[in-house]
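One structure is given here, and the rest of the page talks about it.
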Amino acid sequence: MALNLRKNHQILKIINDALIDLPTPSNISTWWNFGSLLGICLITQIVTGLLLAMHYTADTNLAFSSVAHMCRDVQFGWLIRNLHANGASFFFICIYLHIGRGLYYGSYLNKETWNIGVILLLTLMATAFVGYVLPWGQMSFWGATVITNLFSAIPYIGQTLVEWAWGGFSVDNPTLTRFFALHFLLPFVIVGLTLVHLTFLHETGSNNPLGIPSDCDKIPFHPYYTIKDILGFVLMLSLLVSLALFSPNLLGDPENFTPANPLVTPPHIKPEWYFLFAYAILRSIPNKLGGVLALAASILVLFLTPLLHTSKLRSMTFRPLSQILFWTLVANVLILTWVGSQPVEHPFIIIGQLASFSYFTIILILFPLAAALENKLLKL
């Protein structure tokens with residue numbers, strides 16, 4: 001009898017065990033689509049990014065012109081650039097929904113998978129930040145200046161660290177060239193981390209909406225979830241292409257159409273929309289070091305969620321108090337995002353401070369308390 005190549009070939013066997021014969025819970029919902037959507041985002045970004053890198057020049061005198069040249073003179077260069085810029089937004093939409101799913105359904109109890117996921121988020125944020133500097137527009141330059149300057153808040157070594165990162169005494173040509181190198185490298189680091197993420201995930205298997213073990217009721221990934229994922233791909237790519245074709249600058253900052261000028265500061269320096277919630281937390285503390293610590297904590301707090309799980313139920317499906325807190329947290333992050341886009345003046349300052357305070361309070365104090373209370377109420 002001939003061997004089944006798919007199940008016996010060393011490399012095909014790995015693909016088979018991850019994408020074809022993978023035992024998957026029979027009841028996972030569309031919220032479980034975002035992992036594969038993130039994979040598609042990553043592939044799209046690497047392909048479009050590679051095509052852009054072929055025409056880009058990492059030099060302060062030429063960077064802005066090289067991007068303009070791409071959009072005007074390269075075949076479909078405008079489309080590739082628009083797909084790449086808006087693809088980053090979709091990447092963040094998917095990752096935030098993916099993390100929200102993990103928080104709601106208790107997926108963070110797969111600790112290794114969760115921790116690698118948080119590291120992936122940090123790497124993605126670093127990649128997006130260095131990428132935003134490359135077109136060398138006003139917001140690129142000033143964003144790079146403001147955000148890298150935050151490291152100077154680190155006691156004793158801060159200033160040295162910043163000048164080392166800049167490669168000089170201000171953001172200049174050495175900064176741009178190293179940011180381009182990093183922006184090229186980091187997506188491949190993300191690919192490597194993704195494989196580690198999947199390795200740990202397939203060690204335990206996927207969680208499911210009920211948060212209970214589903215070993216007795218597993219179905220093969222293919223064809224059931226391959227077809228479901230393909231529907232997700234089609235929907236997301238349709239949205240991405242629509243945004244890139246109809247309204248490519250909707251999520252960008254008009255300030256970035258002006259070439260970088262160190263002598264003129266833009267009236268409102270703000271990052272891309274996907275960093276605004278963290279930026280609002282940074283601004284809500286009137287002390288530089290305190291703000292930087294709060295900024296770091298806003299993401300690093302995710303490492304603590306598995307340790308703060310006090311409920312005897314894994315998922316929030318049957319926990320109404322935790323559900324109310326969860327959706328309050330979602331609304332809170334949206335408020336932070338809005339405040340981050342507003343100027344630093346009354347009433348935005350106090351709104352930002354209240355929203356920042358409640359962000360940490362919900363995650364660190366109210367979630368564990370509500371879960372403990374629910375254990376009592378449900379007599380668990």
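Here the Cβ of each residue, glycine as well, is placed from N, Cα and C on the backbone.
Taken from Swiss-Prot, the feature transmembrane segment applies to 34-54 (among others), supported by similarity to another entry.
Using a Cβ-Cβ cut-off under 8 Å and counting only residues 6 or more beyond its ends in the same chain, the transmembrane segment (78-99) has close neighbours at 31, 34-35, 37-38, 41-42, 44-45, 48-49, 51-52, 67, 70-72, 117, 120-121, 124, 128, 131, 236, 239-241, 243-245, 248, 251-252, 272-274, 302. Among the features that Swiss-Prot reports, transmembrane segment is placed at 78-99 (among others).
Annotation source Swiss-Prot lists heme b b562 binding site at H84, H183. According to its DSSP assignment, H84 (heme b b562 binding site) is helical.
Feature annotation from Swiss-Prot assigns heme b b566 binding site to H98, H197; the stated evidence is similarity to another entry. All protein chains considered, the CB of H98 (heme b b566 binding site) has 20 other CB atoms within 10 Å. For the recorded site, H98 (heme b b566 binding site), the DSSP three-state label reads helix.
If one looks beyond the transmembrane segment (114-134) by at least 6 residues along the same chain, the residues whose Cβ comes under 8 Å of a Cβ in the stretch are 56, 58, 63, 67, 88, 91-92, 95, 98-99, 102, 107-108, 140-141, 143-144, 147, 175-176, 179-180, 182-183, 186-187, 189-190, 193-194, 196-197, 200, 271-272, 274-275, 299-300, 302-303, 305-306. Swiss-Prot lists 114-134 (among others) with the feature transmembrane segment.
Annotated transmembrane segment per Swiss-Prot: 179-199 (among others), in sequence order.
Positions annotated as ubiquinone binding site by Swiss-Prot, on the basis of similarity to another entry: H202. DSSP assigns H202 (ubiquinone binding site) to a helix. Within 10 Å of the C-beta of H202 (ubiquinone binding site) there are 14 other C-beta atoms, taking all protein chains into account.
Per Swiss-Prot, the feature transmembrane segment maps to 227-247 (among others). Distant neighbours of the transmembrane segment (227-247): 30, 33-34, 36-37, 40-41, 44, 79, 82-83, 86-87, 89-90, 94; these residues of the same chain sit at least 6 beyond its ends, with a Cβ under 8 Å from one of its Cβ atoms.
Marked as transmembrane segment by Swiss-Prot: 289-309 (among others).
Sequence annotations record features per position, and here Swiss-Prot assigns transmembrane segment to 321-341 (among others).
The feature transmembrane segment is assigned by Swiss-Prot to 348-368 (among others), with similarity to another entry given as support.
If you measure from the Cα atom of H84 (heme b b562 binding site) to that of H98 (heme b b566 binding site), you get 21 Å. Same-chain residues lying 6 or more positions outside the transmembrane segment (34-54) and placing a CB less than 8 Å from one of its CB atoms are 70, 80-81, 83-84, 87-88, 90-91, 94-95, 97-98, 101, 183-184, 187-188, 190-191, 194, 229, 232-233, 236-237, 240.
Sequence-distant neighbours of H183 (heme b b562 binding site): residues of the same chain at least 6 apart with a C-beta under 8 Å from its C-beta are G49, T127, V130, G131, L134. Tertiary neighbourhood of the transmembrane segment (179-199): same-chain residues 18, 38-39, 42, 45-46, 49, 53, 56, 58, 113, 116-117, 119-120, 123-124, 126-127, 130-131, 133-134, 144, selected by CB-CB distance under 8 Å and a gap of 6+ residues from either end. H197 (heme b b566 binding site): 21 other CB atoms within 10 A of its CB, across all protein chains.
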